[in-house]
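Peer 1: Submitted below is the structure of interest, expressed as structure tokens.
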Amino acid sequence: MSFLEDFQASLEPLPNILQRKYALLRDLDKSLQGIQRQNEQRCLQEIEEFKEGVKSGNIAPGTSLNKFSDDAQDEQKHAIRIADEKVALAVQAYDLVDAHIQQLDQYLKKFEEQRREKDIAAAAGTPGSNPDGNGKPAKEGGRGGRKKSRLAAAAAAAQVAAANPPSMDLDLPVDPNEPTYCFCNQVSYGEMVACDNPDCKIEWFHYGCVGLKEQPKGKWYCSDCSGMQKRRKGK
């Protein structure tokens, strides 16, 4: 039985269990209210009897009523016991629901970990390739079109980097037909950045080859295109 099936099986009787506990809570509350009304009336009656005793002279003036009758005190103790039972039932219901919530949190966490592992495995299986399977970082409209956003490129490269940390020496065969990029004329790997010059001859560069450690902000141009723009401005 899977975790989800086990959770569903444990969740199925929960509504009936809670319903029984709530019904018992209502019965206890009704009983408690009845005892409290009875005790209040008894205490008021005993106070009135004390006043009448003072008026009639049976009780000397200045005498204090030390305590209520044993019956009144027994009713108060009974009310306290019922109140404690109500609290215990409420705590049981809370703990029961909380246990299922924690179980659901564990399932969601496990599901998220499995999904992340699948995404990383899929990215590691086809690093840097686009849906066409040509092995080149995805672009829009072919080589002459605009490149995908650097943010999307960095996200895809980050997944590959997470699956293949730089400290690991991976002895993977290189496809001689795979396109190459960057000044180093190597295949796509790790994090790469795209030159924002639409006429850039290279287009894609490895972070390490162009001295980058993180995604640049705003537009970014390779050294060739940047030098070309400076020369044009100098004319």
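Placement of Cβ uses the backbone N, Cα and C atoms for every residue, glycine included.
Automatic, uncurated: that is what TrEMBL annotation is.
From TrEMBL, for reference:
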BINDING   C182, C184, H206, C209  Zn(2+) 1 binding site
BINDING   C195, C200, C222, C225  Zn(2+) 2 binding site
DOMAIN    179-228  domain 'PHD-type'
REGION    121-149  region 'Disordered'
SITE      Y181  site 'Histone H3K4me3 binding'
SITE      M192  site 'Histone H3K4me3 binding'
SITE      D196  site 'Histone H3K4me3 binding'
SITE      W204  site 'Histone H3K4me3 binding'
Peer 1: Listed recorded positions are M192, C200, W204; which of them have CA atoms within 10 A of the CA of C182 (Zn(2+) 1 binding site)?
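Peer 2: So the list is M192, W204.
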Peer 1: List the other residues in this chain whose Cβ sits within 8 Å of the Cβ centroid of the Zn(2+) 2 site residues C195, C200, C222, C225, in sequence order.
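Peer 2: The answer, listed by sequence position, is D196, N197, K201, I202, E203, F205, Y221, D224, S226.
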Peer 1: So around the Zn(2+) 1 site, C182, C184, H206, C209 aside, which residues have their CB within 8 A of the centroid of those CB atoms?
Peer 2: Y181, F183, N185, Q186, F205, G208, V210
Peer 1: Taking each of the recorded positions C184, M192, C222, C225 in turn and counting other Cβ atoms within 10 Å of its Cβ, which one has the fewest?
Peer 2: C184
Peer 1: Relative to the Cα of Y181 (site 'Histone H3K4me3 binding'), which of the recorded positions D196, W204, C209, C222, C225 have a Cα no more than 10 Å away?
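Peer 2: Hits: W204.
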Peer 1: By CA distance, which of the recorded positions (C184, M192, D196, C222, C225) lies nearest to W204 (site 'Histone H3K4me3 binding')?
Peer 2: M192
Peer 1: Compare the Cα of M192 (site 'Histone H3K4me3 binding') against each of the binding-site residues C184, H206, C225 and report the nearest.
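Peer 2: When the Cα distances are compared, H206 comes out closest.
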Peer 1: With an 8 Å cut-off on Cβ-Cβ distance and a minimum sequence separation of at least 6, pull the same-chain contacts of D196 (site 'Histone H3K4me3 binding'), or say none.
Peer 2: K219, W220, Y221
Peer 1: Within the domain 'PHD-type' (179-228), how many residues are helix, strand or coil going by DSSP?
Peer 2: 9 helix, 8 strand, 33 coil
Peer 1: If you draw a 10 Å sphere around the Cβ of W204 (site 'Histone H3K4me3 binding'), how many other Cβ atoms fall inside it, taking every protein chain shown into account?
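Peer 2: For W204 (site 'Histone H3K4me3 binding'), the 10 Å Cβ neighbour count is 21.
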Peer 1: For H206 (Zn(2+) 1 binding site), write down the residues of its own chain that are at least 6 apart in sequence and whose Cβ falls under 8 Å from its Cβ; none is a fine answer.
Peer 2: Y181, C182, C184, Q186, Y189, G190, E191, M192
